[in-house]
C-alpha cells in the first residue's frame, strides 16, 4: 500500500504559522511566570530574614536582662533549626518503611492515611513543582501549593485513597506492560513483558468462562477491547503482529501483520461506532529507552469484518512515531500524539488531518479526550500534563507536573500513561514509585495516592462506569481497587 504525500493547502500553512506564533507567546508567558515566582520567593525570603533579625534582637534583649547569655541563646536556636528537618526526615522514612512492608492480600479494606512530614522550603522545590502555563499556576510554600488562593498539598502529602476493597491478580510472572477493562467492565485484559496476555475477572459473581491465557511470542505493546461488546480483544506486539482474540470462542480469529518497515504496534484503537480500528506502528532506531528507540510512524485503518487494511492516514514525509490514539464519541475524529510533542486531529470520514498543534517540548506518551469532548488531555514523557481546549485551540485549561513520579528505569518496558475516570473528575497516572497519584481535574480538593505496590506502577485504567481502577506493576501484579 503506497502513501502519496499530500499537497499542503494554503489554509494549513496559515494555521501552522499561527500555531508557531501562539507557541512562542506561550513560552514567553511561561518564562515570565517563572521570573515572577522567583521574584516573589526572593521578596518573601527578605521579609522573613528581616523578621527573624528583629525577633532575635528582641529575644536577645530579653534573655540578657534575665541573666541568660548570648552563647546559650545561639545554641538553643541552632538546635531547633537542626532538629526540625531531622524530625521531618524521620517521619517520612518511617512512613516509607511502613508502606513498603504493607502487602495487600487478595482483598483489602483500607482507610485514609496521610503523611505529616514537611520539607524545608527551597527554590529548587519551587522550580520542580511548577506545573502551569497560565496565570493560575500554583506557587510553593513549604510542603503546600498556593493555587487560586487555596492551600493545596504536594503529591507526597496526598492522602491515601479510602478503599472499599482491593483485589490482587498474581497470574503473571514478569512486569506488567498493559492492563485494560473491557467495555462493560466485567473482564480485564493484562499483558506482561514475557509476551503473555491474561483475561480474567475480579468479581466472583461474574462467570470465569472467558478467563484465558494468550501466548503471543513477542513483547505486548498495546491492547484494546472492541467498544460495542466484550467479545473481541485486539493485541499489538513488538514484532508487527496484531491479533484479534475472541473471548467466547477462546481463540485467535485473525492474525495480522504490519509491514516489515513498521514492526512496533505502539497503540490500537477501535472505533466506538464503525467496525474498524486504527493501528499506530513505528520503525525502530537505536536508543537508550523505548521512546528514544522509536523511529517513523505509520497509521493504518483496518476493517474488522474483512480483517484487511483500508487506508493509511497521511502524516507527511518521515513523520515522528505516533505513541497514543483516541477516538471521540461518534468515531468521526481521531486524535494522535507523537514523539515530537505534536497532537494531530484526523477527520475519519475524509481520511485527512484537519488540524494539529505543538503541545509538549518532549514526546507525548498518552492522550485522552475529556468526558464532554470539549478538551483533550496529553501527558509528556517529562511528566507534564495539559488539558487543552478544543474550542480555543492552543489554550490550556488545566495542568499538572507529575515528574516526581517519573522513572526512566520503568520506560524500559512501559510508557508513562494516564487514565481518566468516567465522569472526568479524576486522573490516574503511572508512577516510578510504589504509589501513583490521582489528580482532581479542575477541582477544589487535593489529589489522592493509590495503595502501594512493591515496585513501580507501569500501567493504569479506570472502570468505564464505576469508581474502580486498575494498577499494573513491575512487581508482576495487577490490582483492582474500589474507592469510597
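Using N, Cα and C of the backbone, Cβ positions are placed for all residues, glycine too.
Here's what TrEMBL has on this protein:
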| type | residues | note |
| --- | --- | --- |
| REGION | 46-88 | region 'Disordered' |
| COMPBIAS | 48-58 | compositional bias 'Polar residues' |
| REPEAT | 169-210 | repeat 'WD' |
| DOMAIN | 316-369 | domain 'Anaphase-promoting complex subunit 4-like WD40' |
| REPEAT | 357-392 | repeat 'WD' |
| REPEAT | 450-484 | repeat 'WD' |
> Using DSSP, how many residues in the repeat 'WD' (450-484) fall into helix, strand and coil?
Replying inline: 0 helix, 18 strand, 17 coil
>> I'd like the per-state residue tally for the repeat 'WD' (169-210) from DSSP, helix first, then strand, then coil.
In response: 0 helix, 17 strand, 25 coil
> With DSSP, how much of the repeat 'WD' (357-392) is helix, how much strand and how much coil, in residues?
Replying inline: 0 helix, 20 strand, 16 coil
> To what whole number does the mean pLDDT across the repeat 'WD' (357-392) round?
Replying inline: 94
